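For reference, TrEMBL has these:
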- 1-79: region 'Disordered' (REGION)
- 84-133: coiled coil (COILED)
- 146-187: repeat 'WD' (REPEAT)
- 199-240: repeat 'WD' (REPEAT)
- 241-282: repeat 'WD' (REPEAT)
- 283-324: repeat 'WD' (REPEAT)
- 324-364: repeat 'WD' (REPEAT)
């Protein structure tokens, strides 16, 4: 089961950039297209302003002839004067066209300068759109459920155009959903163990997935150490990547490219070139199973190291890594907010904000989703997923609850990402295994299951006590 809800602002029922709604408003100061307004009649002399009675027809018939002879004198311009007049009109027209072009060029220049400035800020990790203050909780009627998998959902992605959602589950299947209608567009069924040679698709639990920034490729990773590459539009299978020696637990495409990063329980990071169907290199460093991975446009990725207690930033070109410490438990999820900041969640119940330039968290919220258990022995709810609306001050976290009654918390990041303020919570039924904001920020999707993605289906064994 996956659920989605729209993020609304105080002014707009659906999330949008804050602005005034000008549709349907009445404009003041409308003027005549000529710019002159209504033409006034010439003022007549007092001689002809007198009232004329019906018995003065003879005088009224002679008056226009006098006026015609004295006031309406036709003027004929010479060919030279006509040429001069048309030349002046042509020059005025050219001048007006040049002024319009200059205004358009100035507007385009300002627009390009603004975009370049925004891109520079984005690359430096300085871009922070302040939108969290305008968000309000969704109404229960706006929360939609997409049902289709037979076993718990483990991961999901949203296409860059926000039109489709891909979800995967422990039943080894992949479903493509239409966001607008909520209907299934395509289903890639899962296969049974032992049918790998003849089944096109996964035959083991799918743990992670990623989609390229142009929406061309979909990548999925499973418990059988395999990575599958699909054509996102048609769901056609393209390639199979092998090489990991443990379950594939994290996937991410580098933004603007078809370079794919993968993380595994074998403690390694691998780099692939999907266009060339080629393996590039392997990186080592974590001391325990890697549980999460993310990347943006820079040639680097970030990972969560599970029970080794570290967050790492991998600089691919330099073949180096930065190591960060902060959580007290297993770090199970990670997401980049921008190129310089990231958010993580752990089974100690905490949510942390980080800068890639500091080895300790900028901010930590302990027991972010509360606690469970008897008084004196309370345990925090396990933070099982995090999501960030890129280049903004808005993040979300999902909890793993033993009571099966979980929630998605939406948070506002403080200035310079120092501090986290809770905005609202959305209750869900089950364990929140995956969270994703849409590119536009109009909605948030949660992948919910009846067990955690790393907890595998238990088989109960009944034993009989022999009778005496």
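Any Cβ shown, glycine's included, is placed from N, Cα and C.
TrEMBL annotations: computationally assigned, not manually curated.
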Query = Mind checking which residues reach the repeat 'WD' (241-282)? Cβ under 8 Å, same chain, six or more beyond either end.
reply = 207-213, 216-217, 219-229, 288-297, 299, 301, 303, 314, 316
Message = DSSP-wise, what's the residue breakdown of the repeat 'WD' (146-187) into helix, strand and coil?
response = 0 helix, 22 strand, 20 coil
Request  = Tell me, roughly as an integer, the mean pLDDT over the repeat 'WD' (241-282).
outcome  = 97
Same-chain residue ranges lying at least 6 outside the repeat 'WD' (146-187) that approach it to Cβ under 8 Å = 1-4, 201-211, 213-215, 218, 220, 222, 230, 232, 234-235, 430-431, 433-434, 436-440, 442-443, 445, 447-451, 453, 456-457
Task = Write out how many residues of the repeat 'WD' (283-324) are helix, how many strand and how many coil, based on DSSP.
result = 0 helix, 22 strand, 20 coil
